[in-house]
Amino acid sequence: MAGRFPTKFVQSPNPHLICAICGQLFEEPVINVMCGHTFCKRCIYDKSEDGKTAKCPLEGQICQLETLVLNRSVKSQIDDLDIFCCHGLRWSDSESDYVCDPDGCNEKLKYSSRKDHEDSCQFSLVPCPNNAVHCGKIRRKKLADHIRVCQHHPCNFKYKGCMYTGTSDDIITHVTLCAFRTLPDEGIDNKKQIQNLVSENNKLQHNINKLISRMAELEQDKNRMMSQLEKNNREMTELKMEQKKLGDKVDKLLALKSSPSSSQTSSSSSSASSNNTKVGSILNRISSSPTGAAPSQRNADVWMMPFQFKCFGTLRSHQGGVWALKTHKNLLFSAGGDHVIKVWNLEQLERGCKHTMTGHTDKIQSLAVGKYLYSGGADRSIRAWNLKDFTEVIVKEDMLYSGSHNTIDIWHTKDDFTLRGKISHTFGSVYALAITELYIIVGTYNNNTHLFDVQTQVHVHKLSGHVGAIQSLAVNKTGTFLFTASTDANIQLWSLENYLPIQSLSRHEASVNHVIIHNDLVLSGSEDTEIKLFKYFKMQMGFMPS
C-alpha cells in the first residue's frame, strides 16, 4: 500500500488484509466475483493488458474489470485498525522499520481517522514561511517561537526590489530608512502582469505538451489504420480479380450453352445463372398471360392509370457499377465501371449475358443506338459497334452532343455548326437531359428535376422528392410519364400532366446511374453492379399484383 505518511500498526494486521499482488495492506480493496479473491484496485488494474480484463494471480481465472466491486467488509476491518501517529515515528537505526520517537506525538489513532489528526497534529513538521531553505522545517507547536527569532523576515518593500532580511525587530528599524520606500509603485502592475503572463505561458506550454503527446498517439493510430486499410485494399483487389475470373468462366459457359451445338444441354451451367433463369421464366409467363400481353402485341408505353411497376428480376454479370443502358429491338446493352459492354437477349434472359464487347480502357458512361451502337467513356473516346456481330467499327461522326455545368446549349451541326440557343440557370450542375415535344427536362446536382418549355425555353416547373443528385431521366413515348434515377438509390415515377409523383421504385442498394424504358419494361443500372427489371401492370380497383 502506498500511504501518504509512514505507517506503524499498534498490532500487526491480519494476513487476510494483505494484498497478494503488492504484499502491502489493501488500498481500495476490490473483490473479483468470479473467484472471490480481493486485491488493491490499482494492483489488479495494473495486471490488465487490454484495460478490460485481468487474470487472477492466485487461480488464473479471467475477470472483467467492470465487474469488480468494493469489498466493504475488508475496508471496514482496515479502517478499525489502530496505528501510531506518523509524527511520532522515526526511522530505526538499523533502517529496517519505523520506531516511536519520544520527542514526537504519542497519539494512537484509528486508521480511518488518521488524515484528520495528522494534517493538524502539533508535532507535524511545517516549513518556515520566511525562508524554508535556510530555516528548514519546524514542529507546528514551535513555529510561533521560531518566527519571533527568525532572522529571515523580508523587508516590507520587497515587492519594490529590497532584498534586506532580518528579525522582526530589525525590520521595524529598517523600513524607516529603506531606500525603496520612496520609489513609485508604477512598476508593480507591470511586474504582476509579467508574473501573470509567465504563469499563463507555463499553462499554455503544458497544454501544448499534452497536445503534442496526443498528436503522437493519433499519428500512431493513423499509421495502424493505414496499414490495415492497405491490407484490406490488397485483399479486395485479390477478391475482385478472382470474381472477374469466375465471371469470365460463367460467360464462357453461358456462351457455349447458347450455341447450336449445345442447345440440348442442361439449362443450369452454373449457379450464377439462377437469377437470369428466373427472369426468363417470368417473361415467358408474362408473354402468355391475359393480363400482361407481350410488348409486340400491344401499344408500347401507352399506360393507363391506375398502374404499377413491379420488379421481377435482376441481371448480374458486371464487375463494376452499371452506368449506361440501351435497348435495340430485343437486345439490351449495359455498360459501366468494368470497361465492358454486355449484350443480353430480352427474350432469352435465362441464358445470361449473350456477348461481351471490350475496347474501352475506363468507365463507360453513355450508350446510344442509331445505325451503330455508340459508347462514350471516361477514357475520352467514343466507339461504334456493329449491331449484328458486335465488333468495333470506324464511322464518320456528323453530330455532336455537349453538356455543360449550369447551361444547356442547343447546337446546329448540319452546315455552319452555330449555337442556336442557350438556357442559363442557377438550379445546379446539369447531370441528365431529356427532350419531349413540350419540355426540356433537366436533372441537377441539387436533387431536383426542372422542366423548361421547349419553344420559349422558360422554366415551367420543379419536381422535388429525391435526396440525391439526379443521374438519369427516361420519358415514355407519349411524353406523359417521367422516370428519374438518383444517387439516393431510388427511381421516382412522375406524371408530366399534373407534375405529381406516382410511384417510388426502391430495389437498388447504391446509386442508380441509369434508367431506360423498353416497351412495358423499365430497366435500371446501379453502382451496386446490378440491373433491375420492372414490369408494367394495369391495375383494377382493389387489385395489387403479387
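Every residue gets a Cβ built from N, Cα and C, even glycine.
The coiled coil annotation in TrEMBL covers 194-249. Feature annotation from TrEMBL assigns compositional bias 'Low complexity' to 258-274. Annotation source TrEMBL lists domain 'RING-type' at 19-58. Taken from TrEMBL, the feature domain 'TRAF-type' covers 117-178. Marked as region 'Disordered' by TrEMBL: 257-277. According to TrEMBL, the feature repeat 'WD' maps to 315-347, 357-395, 463-504. Taken from TrEMBL, the feature zinc finger covers 117-178.
Within its own chain, the repeat 'WD' (315-347) is flanked in space by residues 240, 243-244, 247, 250-251, 272, 275-276, 279, 283, 353-358, 360-369, 373, 375, 377, 385, 387, 390, 510-511, 513-516, 518, 521, 523-531, 533, which lie at least six positions past its ends and keep a Cβ under 8 Å from the stretch. In the zinc finger (117-178), the DSSP tally of helix, strand and coil residues is 27 helix, 10 strand, 25 coil.
Note: the repeat 'WD' (463-504) comprises 0 helix, 23 strand, 19 coil (DSSP; helix = H, G, I, strand = E, B).
DSSP labels the residues of the domain 'RING-type' (19-58) in these numbers: 6 helix, 10 strand, 24 coil. Each residue of the repeat 'WD' (315-347) gets a DSSP state, and the totals for helix, strand and coil are 0 helix, 21 strand, 12 coil.
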